[in-house]
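Feature annotations, reproduced from Swiss-Prot:
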SIGNAL    1-20  signal peptide
REGION    63-84  region 'Disordered'
COMPBIAS  72-84  compositional bias 'Low complexity'
CARBOHYD  N80  N-linked glycosylation site
CARBOHYD  N96  N-linked glycosylation site
REGION    130-175  region 'Disordered'
COMPBIAS  140-157  compositional bias 'Polar residues'
CARBOHYD  N143  N-linked glycosylation site
MOD_RES   Y188  sulfotyrosine
REGION    214-418  region 'Lysyl-oxidase like'
DISULFID  C239-C245  disulfide bond
DISULFID  C292-C341  disulfide bond
BINDING   H293, H295, H297  Cu cation binding site
DISULFID  C325-C331  disulfide bond
DISULFID  C352-C362  disulfide bond
MOD_RES   Y356  2',4',5'-topaquinone
DISULFID  C399-C413  disulfide bond
Amino acid sequence: MRFAWTALLGSLQLCALVRCAPPAASHRQPPREQAAAPGAWRQKIQWENNGQVFSLLSLGSQYQPQRRRDPGATAPGAANATAPQMRTPILLLRNNRTAAARVRTAGPSAAAAGRPRPAARHWFQAGYSTSGAHDAGTSRADNQTAPGEVPTLSNLRPPNRVEVDGMVGDDPYNPYKYTDDNPYYNYYDTYERPRPGSRYRPGYGTGYFQYGLPDLVPDPYYIQASTYVQKMAMYNLRCAAEENCLASSAYRXDVRDYDHRVLLRFPQRVKNQGTSDFLPSRPRYSWEWHSCHQHYHSMDEFSHYDLLDASTQRRVAEGHKASFCLEDTSCDYGYHRRFACTAHTQGLSPGCYDTYNADIDCQWIDITDVKPGNYILKVSVNPSYLVPESDYSNNVVRCEIRYTGHHAYASGCTISPY
């Protein structure tokens, strides 16, 4: 009985090994091709989809942008015949049913069609060789870059593009940035409430994703071109009176709504020509809401206006502090607006202007009590130096004003260090 079981098991094992095994070709994948000779197609990747087997064949894929033809490549002579031959990169995606027949015919023809190209840096190198002799056993080494040769993207990037390792679309000198429709720009709250021991400085967040400092410069020609005198009734100056934009005589008890004030109006345009955003000196949670003008004031004193006597340099009109809503009104070509007059995005980007026309509230000096004569209009931006700048010597504009009692003429507006 024991002999019978042994004989039965032996026959089953022999059947499993010899007779009962199905043809190996029915379950085995198509054999891989042997190592290709130099210049032939090589199988890189093989996969199956919907019952069909696909192969990725290549002589060595690489990307080469269009460049000038090398004059020595087509020059006749023995030297050209012995020059290193670079195989032309071709990348094919074919069905494996017809790939076997085409590989045998396409290999020699593609190798013969290879043309020498000038040596250059390449973005992607796979199976690339600068020599005509290529060992079949080094197909894996072809996919690696030599230690001394570092692939670069220099021939793919737009010219003069600046690398940015900060927040998305943040480089002010990058004309290819996209910030208009980018919801993640300035995603981090740089105006969070400072914690004890924090190293925040005035202008919260300027050192977080920017390099350098801002530099505000007022436009003297903009002021000189649009300075004029206007008379307005007190009932039209209620919001201005609320923000202390008038002389002290306007707040007397005997002043009526139909009394007029004489205003020296002028515009202002401030440019940030630095390398960092000019951000408000106050954190966002302390911004003040002004119901008359329906916006937040993020700085107590962004500008200061004074009227000085031309001979004595004494103040003849009561200047006032102008606290504005900072925003990018316009920008130079290649720059984009990134700040607006809202509750959380106030500031001034590099290469952009914050413009205040002469017809808006508080863009004036109340000269109701000033006599006709020659004066100096002094306009200062960031007068208290609350926000760090790279240069404070260009923050003041001085203009010569000739006031006749009904008209004012501005001339000689220049940047001044004081």
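For all residues, glycine too, the Cβ spot is worked out from N, Cα and C.
Features as recorded by Swiss-Prot, highlighted on the structure.
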| residue | record | DSSP (3 states) |
| --- | --- | --- |
| C239 | disulfide bond | helix |
| C245 | disulfide bond | coil |
| C292 | disulfide bond | coil |
| H297 | Cu cation binding site | strand |
| C325 | disulfide bond | coil |
| C331 | disulfide bond | strand |
| Y356 | 2',4',5'-topaquinone | strand |
| C399 | disulfide bond | strand |
*asked:* Checking the contact step here: among the recorded positions C292, H297, C325, which have a Cα within 10 Å of the Cα of C239 (disulfide bond)?
replied: C292
*What number of additional C-beta atoms lies within 10 angstroms of the C-beta atom of C239 (disulfide bond)?*
14
*What same-chain residues, at least 6 away in sequence, bring their CB to under 8 Å of the CB of H295 (Cu cation binding site)?*
W289, C325, C341
*Tally every other Cβ atom lying within 10 Å of the Cβ atom of C292 (disulfide bond).*
12
*Within 10 Å of the Cβ of H293 (Cu cation binding site), how many other Cβ atoms are there?*
18
*Sort the recorded positions C292, H293, C352, Y356 by C-alpha distance from C399 (disulfide bond) and give me just the closest.*
Y356
*Using an 8 Å cut-off from the Cβ centroid of H293, H295, H297, can you name the remaining same-chain residues around the Cu cation site, in sequence order?*
E288, W289, H290, C292, Q294, Y296, F324, C325, C341
*asked:* Across the region 'Lysyl-oxidase like' (214-418), what does the mean pLDDT come to, as a whole number?
replied: 90
